[in-house]
Amino acid sequence: MRTLCSLLLICCLLFSYDTPVVGELKHLGLKTEFEQCQRIRGYCLNTYCRFPTSHVGSCYPEKRYCCKNIR
């Protein structure tokens, strides 16, 4: 029981803070979403996509939009 509690405490402490390991994993996810937007020939905006474009996905979890021309 003591071992289980110790492991649970270690896991909670590791994942409760933005440690360098968790930060690196976050950046890997951001890079792949950005690359996916670039692959479909889109571009990233901080605001909503305007009229000649359409919203086709996201670039980052921080509410950035992947927009693509309608043509």
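Positions of Cβ are set from backbone N, Cα and C atoms, glycine also.
Swiss-Prot records a disulfide bond between Cys67 and Cys49, which is the match among Cys49, Cys59. The closest partner of Cys49 (disulfide bond) among the disulfide-bonded residues, by CA position, is Cys66; the full candidate set was Cys37, Cys59, Cys66. DSSP assigns Cys66 (disulfide bond) to a strand segment in the three-state reduction.
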